[in-house]
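> Following this message is one structure expressed as structure tokens.
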């Protein structure tokens, strides 16, 4: 015996409402980084006024030159140098 069309519609709408409410609960619990947290994090880990040398910032990703022709991994269309 099948369900009537009106019961299927009501159950479908109830499911949509439930999923919409469940989605807003998850979205509301997401935490964001605030400006004070960003300001506090802009120093060295062991930064101390008594030891100012520990407060120097270091470059995150120092520049490294890519692979050259002599290493054999450079895209060169001509013959390899000997």
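Note: Cβ is positioned from N, Cα and C throughout, glycine not excepted.
So Swiss-Prot says this about it:
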SIGNAL    1-28  signal peptide
DISULFID  47-55  disulfide bond
DISULFID  67-73  disulfide bond
> To the nearest whole angstrom, what is the C-alpha distance linking residue 55 (disulfide bond) and residue 67 (disulfide bond)?
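That separation, Cα to Cα, works out to 34 Å.
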> Suppose we draw a 10 Å sphere around the Cβ of residue 67 (disulfide bond). How many other Cβ atoms does it contain, all chains included?
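Residue 67 (disulfide bond): 10 neighbouring Cβ atoms within 10 Å.
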> Whole-number answer please: how many Å between the C-alpha atoms of residue 67 (disulfide bond) and residue 47 (disulfide bond)?
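About 37 Å separate the Cα atoms of these two residues.
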> 10 Å Cβ neighbour count around residue 55 (disulfide bond)?
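Summing over all protein chains shown, residue 55 (disulfide bond) has 12 other Cβ atoms within 10 Å.
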> Just to verify: the residue among 47, 73 with the fewest other Cβ atoms within 10 Å, which of the disulfide-bonded residues is it?
73
> Sort residue 47 (disulfide bond) into helix, strand or coil using the DSSP assignment.
coil
